[in-house]
Amino acid sequence: MVKKIGVLTSGGDAPGMNAAVRGVVRTALTEGLEVFGIHDGYLGLVEDRIEKLERHSVSDMINRGGTFLGSARFPEFKEVAVREKAIENLKKHDIDALIVIGGDGSYMGAKKLTEMGYPCIGLPGTIDNDIAGTDYTIGYLTALNTVIDAIDRLRDTSSSHQRISIVEVMGRHCGDLTLMSAIAGGCEYVITPETGLNKEALIQNIQDGIAKGKKHAIIAITELMTDVNQLAKEIEAETGRETRATVLGHIQRGGQPGAFDRILASRMGNYGVKLLIDGHGGRCVGIQNEQLVHHDIIDAIENMRRPEKLELYKVAEELF
């Protein structure tokens, strides 16, 4: 029977992580459990940065961006000896189970602990929206609004100067944030890992638009696909139209979470605790068709795939 649980945030931060921690803490205390916050992710777990949390510990946190527990990337957690040290620290505090809030790397750590017999629950916290088994991740929709706001501002100046603007959006190997922001921001072109980058076709499309009287354009592209500053130079050389690249970077991770992310994070935090109380371990939480669900975390990482957004790409193509 679970009496004490730990909670940590890991990997890249996302708006709504604090709301998720709050959901975990308040639910656990209401259910008569003790809660321990682990600072700086798996690194803090190994280094025993663990403190008991009370209701007041998460007061005034639901509206704050970032994560008050701190986060860190800790690749050394892949090593068995390092994970054994982590479990040793959990046992030292009599912590029976762990809730991990983060992205795919964080899930991998929870998976490894699960395989070593330690019950973990994963909550999807990442702006990339790249986690299998959920329609939305905590922080994604807030980041989407941040990107759209930037695109709106770029459109103002691009139209004033008859300029082509390239906007680099986060997402790594997932184009969801780029695709949705391109549709909502009215971008003329969208390039994601799912579509690939065809420079010749892109430049030809831009030239065709100019020939039809297009005065300016915005291109949304997912990070890591190419050097956007070099791409801007190539487009300007081929089209004769001034072209500039804007890398939004880590601004996409910051800021107050929107209402949707606050509610989603609160629901997921509450649900994660209930799963542990019901005897479930080694699970990851998701939301599908507006319903909270849970999956085997090992199966989710190894076998589940995110559905392709073919309909949305078709919409984007027809609107652009």
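Glycine is no exception: its Cβ is also placed from the backbone N, Cα and C atoms.
Swiss-Prot annotates Arg73, Phe74, Gly103, Asp104, Gly105, Ser106 as ATP-binding residues; of Gly12, Gly16, Gly23, the candidate listed for that same site is Gly12. Within Arg153, Arg155, Arg244, the residue that Swiss-Prot lists together with Arg22, Gly23, Val24, Val25, Arg26, Gly186, Cys187, Glu188, Lys212, Lys214, Lys215, His216 for binding ADP is Arg155. When Cβ atoms from all protein chains are considered, those within 10 Å of Arg172 (substrate binding site) total 16, not counting its own. Using Cα positions, the member of the binding-site residues Phe74, Thr126, Arg172, Ile251 nearest to Arg22 (ADP binding site) is identified as Thr126. Within 8 Å of the centroid of the Cβ atoms of Gly12, Arg73, Phe74, Gly103, Asp104, Gly105, Ser106, where the record puts ATP, the same chain has further Cβ atoms from Ser10, Gly11, Gly41, Gly102, Met108, Gly109, Thr126.
Considering only the residues assigned to substrate binding, Thr126, Ile127, Asp128, Arg163, Met170, Gly171, Arg172, Glu223, Arg244, His250, Ile251, Gln252, Arg253, the longest pairwise Cα distance works out to 32 Å. Of all Cβ atoms in the protein chains displayed, 14 besides its own lie within 10 Å of the Cβ of Ile251 (substrate binding site). Using Thr126 (substrate binding site) as the reference Cα, a 10 A cut-off selects Asp104 from the binding-site residues Val24, Arg73, Phe74, Asp104, Gly186, Lys214. Distances between the Cα of Arg172 (substrate binding site) and those of the binding-site residues Val24, Phe74, Gly103, Glu188 are shortest for Gly103.
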